[in-house]
Amino acid sequence: MLAYLLELSILALSILTVAGRIYARIRILRAIGVDDWFIIAATGGFILQTTLHLVMTRFGAGRHMTDIPASTYPPRFILAGVVRLLYIPTSALVRISVLLFMRRLSPHRIIQYAAFILITLTSVTAVSLLVLLVFQCSPPSIFFIPVPLRPPHECLIQEQHLSFVVPLASVILDFLVWIVPLVMIVRLQFVDWKKKLVLIILLGLGLLACIASFMRLEMVYHINSDQSWQGAKMCIWNCVELGIAITAASIPSLAPLIGIFSAHIRTKYRGVGNNNDEEQHLSRSEPLRSPRVQEVGLEDLHYDNRIRESGLDSPRRMPNYKSTEALFNEAKMGRRRADSVIPENV
């Protein structure tokens, strides 16, 4: 029961972060990128996969094979086969979304080339694994039949071997994709410890998703004949891996939303401390100026997209970075824009 509550909690967190990401892109940045569409598709696959896993519990998933009626085998194994097929494109869509975001964020050739190579490798691997899973045996419908009930058939690859190849490829690709933002961050000369902390947390979430993928691989290696019991645990690790990966990939795009919310909070508390000034305005019958957040419309906060997406939408506190990153080269320009748009407090 706790395991399924964990799945639902991770699913809800992923949906909320993706919804916030899309809202920030459409309503604040007024621009939605290709990486956003990929993460939306990945979230849809994640929702469907988690839903099917919960439906599988009605047919005995999570219980020992000896405690399950044989009549529940066919529907449960059909659903399990669909979940296995969904995992491959869903995880690939998350990786491609992260890599597309890295290509847009960093101008360095090494990042551009590495992201392009990994996008190609991820796509080819996903298609190859899907073909191998479906057509490993003749006829292909054997894939959806429980192993104990399978009729005589021929397979190019043994089931246990292919079951090990899929999570192994996932672990390798997850770590390769995780290295790309790590290399980009190392090349940046950060001096703001707050932004360093945010990036460390995001990298930690990405590493946690890699660890979940490794745990899934370890379970496949030690799987036994009790497929219903072990398979439920693997589905839980699938949920943890995909949910954390989707959340970590969407958090950077929440920066504009968080920036506006924090500015509103600061303005609210600043207004409490300036009650005397407000009373003086009212006593002189002068119209009280709106707070800074209300005075500057969202359309005026038109900084460069890469500055917002990376959480650097507080240009007033932006120190002078000595970096070759276009992200920070444009920060000064964003600072001048902000100074010209946002008036000083009266």
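Here the Cβ of each residue, glycine as well, is placed from N, Cα and C on the backbone.
Bear in mind that TrEMBL entries carry predicted annotations, made automatically and left uncurated.
Given the structure is predicted, the values throughout are model-derived calculations rather than measurements.
Under the heading transmembrane segment, TrEMBL lists 6-24 (among others). Beyond the transmembrane segment (6-24), the same-chain residues lying 6 or more positions past its ends with a Cβ under 8 Å from any Cβ of the stretch are 32, 36, 39-40, 43, 46-47, 50, 53-54, 236, 239-240, 242-244, 246-247, 250-251, 253-257.
Taken as a whole, the domain 'Rhodopsin' (21-258) shows an average pLDDT of 84 in this prediction. The domain 'Rhodopsin' annotation in TrEMBL covers 21-258.
Sequence annotations record features per position, and here TrEMBL assigns transmembrane segment to 36-57 (among others).
Residues or ranges marked as transmembrane segment in TrEMBL: 77-101 (among others). With a cut-off of 8 Å between Cβ atoms, the residues of this chain six or more beyond the transmembrane segment (77-101) that come close are 33-36, 38-39, 41-42, 45-46, 48-49, 52-53, 55-56, 59, 61, 115, 118-119, 122-123, 125-126, 129-130, 133-134, 143-146, 166, 170, 173-174, 177, 180-181, 231, 235, 238, 241-242, 245-246, 249, 252, 309.
The transmembrane segment annotation in TrEMBL covers 113-135 (among others).
What TrEMBL records for 164-185 (among others) is transmembrane segment.
Marked as transmembrane segment by TrEMBL: 197-215 (among others). Long-range neighbours of the transmembrane segment (197-215) within the same chain, counting only residues 6 or more positions beyond its ends whose Cβ lies under 8 Å from a Cβ of the stretch, are 167, 170-171, 174-175, 178, 181-182, 185, 190, 237, 240-242, 244-245, 247-248, 251-252, 311.
The annotation transmembrane segment is assigned in TrEMBL to 235-261 (among others). Note on the transmembrane segment (235-261): residues 3, 6-7, 10-11, 13-14, 17-18, 20-21, 23-25, 28-29, 36, 39, 42-43, 46, 49-50, 53, 56, 61, 83, 87, 90-91, 94-95, 97-98, 101, 170, 174, 202, 205-206, 208-209, 212-213, 215-216, 219, 293, 298, 301, 308-314 of its chain, located 6 or more positions outside it, place their CB under 8 angstroms from a CB of the stretch.
Proximity of distant same-chain residues to the transmembrane segment (113-135), defined by a Cβ-Cβ separation under 8 Å and at least 6 residues beyond the stretch ends, is recorded for 84-85, 88-89, 91-92, 95-96, 99-100, 102-103, 143, 156-157, 162, 165-166, 169, 173, 176-177, 180, 183.
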